[in-house]
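The domain 'Major facilitator superfamily (MFS) profile' annotation in TrEMBL covers 174-373. Annotation comment: TrEMBL describes 12-31, 43-62, 68-90, 102-121, 133-152, 173-196, 202-220, 241-262, 268-291, 298-321, 341-362 as transmembrane segment.
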């Protein structure tokens, strides 16, 4: 039954969330002090490389679901996070004039990797089988991440850095609202991609067309992140983030929810395209916005807290949506059955967008209002 398939997909997505480094993100604030020296950054990336390879390699021997959860989920997930977290956190400091475009290129490459990996892995699974594929992926990631570890750079030198967030600073409304922005956005943003294929089938599409729509979403997302970064450099990072999240929120309520209620395909297709174009705005701009809001002195300390919030969001968002969808009776689902889940996503995005606007206003009042920010 489609409802059971949706719950199974949510379970697989949970492993994917762990494999994406959510666990490491949750404990990102503990890694912050290590980012202040080149040696520590290299050690973190090397440790992540070894754990990533070990997790994928041992996943090849898995015989039960919990084996896969432990190996590909936890071990490889922590390793992946230890590779990505230091490098993604440091990168915004190296590009002051065109930081939006630089981070757009970085996040676009990340999305492009996922897009190209999918058909290659399907081909490998077909020709080599699951165990040999996981073993080969382990070797590939050991070699590529090892090269990354060799070239890993330390953060730029600044006059002073805070290792932790002072309590007085943590109580400021802008800081608290930014935590909510990081949490709420990641709780919601991946749900259309994770459970979208099931919704496509409920609309009457075949499983192949549902997978194709997901590929379209990912394919559009990679180049659009470069454009988002370029626009952010022109009109301001906070402004761009607010506009992007506002549009995604409106399309969730208008196109996805209304389209589900009346069961029309064209509204879902339009939503997929818009979500693909703008869904990467937060991951592209969050680091730059953090530097802009809190400065280099507080950047690492605050980025660790925000990383923790994002990790919780990435880890919990899809399983919660799957649980909401799980209330559907075991039968072939119809688009209207997804209404509660879509309202959940839309509500999270609406609150998140309101928080972004509040941050923009409060920051403008504190530092002096600027049109481009």
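A Cβ is built for glycine as well, from the same backbone N, Cα and C atoms used for every other residue.
Values in this document were obtained by computation on a predicted structure and should not be read as measured data.
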- With the transmembrane segment (173-196) as the reference, find which of 43-62, 68-90, 133-152, 268-291, 341-362 contributes the most Cβ pairs under 8 Å. 341-362
- So which of 43-62, 133-152, 268-291 has the most C-beta pairs under 8 Å when paired with the transmembrane segment (241-262)? 268-291
- Item | Contact ranking winner - 43-62, 268-291, 341-362 against the transmembrane segment (133-152), Cβ under 8 Å | 43-62
- Message: If we skip the immediate neighbours and take only residues 6+ beyond the ends of the transmembrane segment (43-62), which ones have a Cβ under 8 Å from one of its Cβ atoms?
- Response: 19, 24, 31, 34, 68, 71-72, 74-87, 130-132, 134-135, 137-139, 141-142, 145-146, 148-149, 152
- Message: Taking only the residues in the domain 'Major facilitator superfamily (MFS) profile' (174-373), give me the average pLDDT of this model.
- Response: 89
